[in-house]
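Engineer: Feature annotation from Swiss-Prot assigns domain 'BPL/LPL catalytic' to 32-207. Annotated substrate binding site per Swiss-Prot: ARG71, GLY72, GLY73, GLN74, VAL75, THR76, TYR77, HIS78, SER138, LEU139, GLY140, GLY151, LEU152, ALA153, in sequence order. Residues annotated as site 'Lowers pKa of active site Cys' in Swiss-Prot: LYS135. Annotation source Swiss-Prot lists active site, acyl-thioester intermediate at CYS169.
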Amino acid sequence: MYQDKILVRQLGLQPYEPISLAMHEFTDTRDESTLDEIWLVEHYPVFTQGQAGKAEHILMPGDIPVIQSDRGGQVTYHGPGQQVMYVLLNLKRRKLGVRELVTLLEQTVVNTLAELGIEAHPRADAPGVYVGEKKICSLGLRIRRGCSFHGLALNVNMDLSPFLRINPCGYAGMEMAKISQWKPEATTNNIAPRLLENILALLNNPDFEYITA
């Protein structure tokens with residue numbers, strides 16, 4: 001089925017705001033014939049404050065900008081070496097509920113890390129993916145007219161120190177992890193294809209077309 005096809009865009013390293021704007025425009029203007037898309041991107045350093053975000057969780061932003069986002073959740077950090085995957089899916093067409101999509105994204109990351117020999121798990125009380133007690137992947141979504149946008153952010157080989165300037169996802173003292181702590185050779189270039197392969201498998205292996213911007 002043609003509409004089952006997914007366009008995959010590799011966007012490289014980009015500022016947060018133009019990508020967020022493009023994601024909103026895509027979602028606002030799509031119709032029933034619009035193909036779903038997955039965007040793979042890294043962002044320049046930025047704190048994003050989710051819809052539920054409270055100012056007290058931003059401790060010392062310093063020179064890193066703080067941008068309001070309409071995704072679910074609290075404050076998080078994006079920076080180079082973190083693989084962000086935005087999922088622009090027509091949930092009605094794919095017969096997915098919101099909770100099912102959250103579970104699917106978490107399982108995508110768990111499966112990707114398992115391939116690398118890293119045992120990870122989701123938590124019922126705090127969305128995302130964890131290795132032991134440390135958070136390695138953040139997750140935040142928005143649904144509009146039955147279509148999802150925003151997505152997940154997987155820490156690959158980034159500098160984790162900016163997370164100390166916030167209470168990540170609203171949890172004071174939440175420790176963060178990255179793949180390179182276990183696999184020093186990990187980069188977004190070699191993790192992104194695994195992440196994509198795993199999410200497509202969980203979406204029942206639709207046809208896809210890879211587009212590099």
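Cβ atoms here come from the backbone N, Cα and C positions, even for glycine.
These numbers come from a predicted model, not from an experiment.
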Engineer: Sort out the sequence-distant neighbours of SER138 (substrate binding site) for me: same chain, 6+ apart, CB within less than 8 Å of its CB, listed by position.
Structural biologist: GLY73, THR76, GLY128, LEU152, ALA153, PRO168, CYS169
Engineer: Which whole-number mean pLDDT does the model give the domain 'BPL/LPL catalytic' (32-207)?
Structural biologist: 95
Engineer: What kind of secondary structure is TYR77 (substrate binding site) part of, going by DSSP in three states?
Structural biologist: strand
Engineer: Below 8 Å Cβ to Cβ and six or more residues apart, same chain only. Which residues does that give for LYS135 (site 'Lowers pKa of active site Cys')?
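Structural biologist: Set apart from LYS135 (site 'Lowers pKa of active site Cys') by at least 6 residues yet with Cβ under 8 Å, we have ALA126, GLY128, VAL129, PRO168, CYS169, MET174, GLU175, MET176, ALA177.
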Engineer: For the recorded positions listed here (VAL75, LEU152, CYS169), tell me which residue's CB has the most neighbouring CB atoms inside 10 Å.
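Structural biologist: Counting every other Cβ within 10 Å of each candidate, the maximum falls on VAL75.
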Engineer: Would you mind listing, in sequence order, the residues at least six apart from TYR77 (substrate binding site) in the same chain with a Cβ closer than 8 Å to its Cβ?
Structural biologist: PRO45, VAL46, PHE47, THR48, ILE64, PRO162, PHE163, ARG165, ILE166, PRO168
Engineer: Which three-state DSSP class does ARG71 (substrate binding site) fall into?
Structural biologist: coil
Engineer: Per the record, substrate is bound by ARG71, GLY72, GLY73, GLN74, VAL75, THR76, TYR77, HIS78, SER138, LEU139, GLY140, GLY151, LEU152, ALA153: how many Å separate the farthest pair of Cα atoms?
Structural biologist: 15
Engineer: Given a separation of at least six residues and a C-beta threshold under 8 Å, show me what packs close to GLY140 (substrate binding site) in the same chain.
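Structural biologist: GLY140 (substrate binding site) has long-range Cβ partners GLY50, SER69, ARG71, GLY72, GLY73, THR76, PRO127, HIS150, GLY151.
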